[in-house]
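Annotated features, as they stand in Swiss-Prot:
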type	residues	note
DOMAIN	1-417	domain 'Ketosynthase family 3 (KS3)'
ACT_SITE	Cys170	active site, for beta-ketoacyl synthase activity
ACT_SITE	His311	active site, for beta-ketoacyl synthase activity
ACT_SITE	His347	active site, for beta-ketoacyl synthase activity
Amino acid sequence: MRRVVITGTGMVSPLGCGTEVSWARLLTGDNAARKVTEFEVEDLPAKIACRIPFGDGSDGTFNADDWMEPKEQRKVDPFIVYAMAAADMALADAGWKPESDEDQISTGVLIGSGIGGLEGIVDAGYTLRDKGPRRISPFFIPGRLINLAAGQVSIRHKLRGPNHSVVTACSTGAHAIGDASRLIALGDADVMVAGGTESPICRISLAGFAACKALSTQHNDNPEKASRPYDADRDGFVMGEGAGIVVLEELEHARARGAKIYAEVIGYGLSGDAFHITAPSEDGEGAYRCMQMALKRAGVTAADIDYINAHGTSTMADTIELGAVERLVGDSASRISMSSTKSAIGHLLGAAGAVEAIFSALAIRDNIAPPTLNLDNPSVETKIDLVPHVARKREINVALSNSFGFGGTNASLILRRYTGH
């Protein structure tokens, strides 16, 4: 099958607008968790989140007007705006602007979201109740449908190849990249714009995830300490928002136009737990099989893995994932670094896997493992380096990125340094 590489990245994250800004702040140990002030939270169990830094567009802040006209913004949910911004960045970074029929038809889009326009749906419900059906906007449906993130990107950039979307909870971003890679490998496209996007931070979302016992509620007075994967004092994840988009390209297509290459996508695994609607299987079997499949597809062994970007949500599932990883890597555990970047940016739900895949590609590029913040008191002993507190310089040629979601849906991506052959 054809080989697939990453030639462009774009990101809107709680650490900033832009891949390099977010990456630099991640490596220096910045933490995006804050008390929510944009709406009332005093009656909510979870009062904190990792919000995008909004501003005038300078110093890494996000200004939606830079990416979409205000009139158009009012027609869509923010998750679509974030996707548009990240896709614009990724395509510009890749230097890919298809203009011929051939190039447009061979370029597709696959962008997913875990929740989509949740707040917009709630608001429309109030409008219907209080003002009647005639006050519902004609843009209500197309502004909230999850596949419209891909649709809007496709329309803006005239990308006429596969136009697809996935919805697999917190595995969405990883599944989008994995599925898009397969479309290229199978010859259905030469280039794919792929990733995940999410704008979930609103009252009903915080209330709902807290009701599932998924969110941190014990660190409302000290938000930066709330997301603490693998730590004994963890009590749930901190919700985040944003988008991560990559440009995936068939290797020879990228080489022919002299594109820079971040990494090669060599493995993709997916599995189901068939266990519980929110909890992972306690033996980690689904996660293990998912990673094992990715290794098989990649044609590498566990001993080849240098860095793992863990799903690591700061929940009870952390130790289950760690156990599955230890089972996978066996005697190679002591040479592997594994960190959870959710400790800095929170859990971006459907965007998480895509943002973390980008971080994994950058870890390969720069030979550095980003840190796991707040790992003060590890809950279990392991030979794996969990990269506590401070980023670690080390050789990284192969990286594994894990994403696991509600409903027992699992995805693993394996990236490798591209060396020119």
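Placement of Cβ uses the backbone N, Cα and C atoms for every residue, glycine included.
Projection of Swiss-Prot feature records onto the structure.
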residue: Cys170; record: active site, for beta-ketoacyl synthase activity; DSSP (3 states): helix
residue: His311; record: active site, for beta-ketoacyl synthase activity; DSSP (3 states): coil
residue: His347; record: active site, for beta-ketoacyl synthase activity; DSSP (3 states): strand
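Looking at His347 (active site, for beta-ketoacyl synthase activity) and His311 (active site, for beta-ketoacyl synthase activity), their Cα atoms lie 9 Å from each other.
In this structure the C-alpha atoms belonging to His311 (active site, for beta-ketoacyl synthase activity) and Cys170 (active site, for beta-ketoacyl synthase activity) are separated by 9 Å. Counted within 10 Å of its Cβ, the other Cβ atoms near His311 (active site, for beta-ketoacyl synthase activity) come to 30, all protein chains included. Here Cys170 (active site, for beta-ketoacyl synthase activity) comes close to Gly114, His311, Thr313, His347, Leu349, Gly350, Ala352, Gly353, Ser403, Phe404, Gly405, Phe406: these same-chain residues lie at least six apart in sequence, with C-beta atoms under 8 angstroms from its C-beta.
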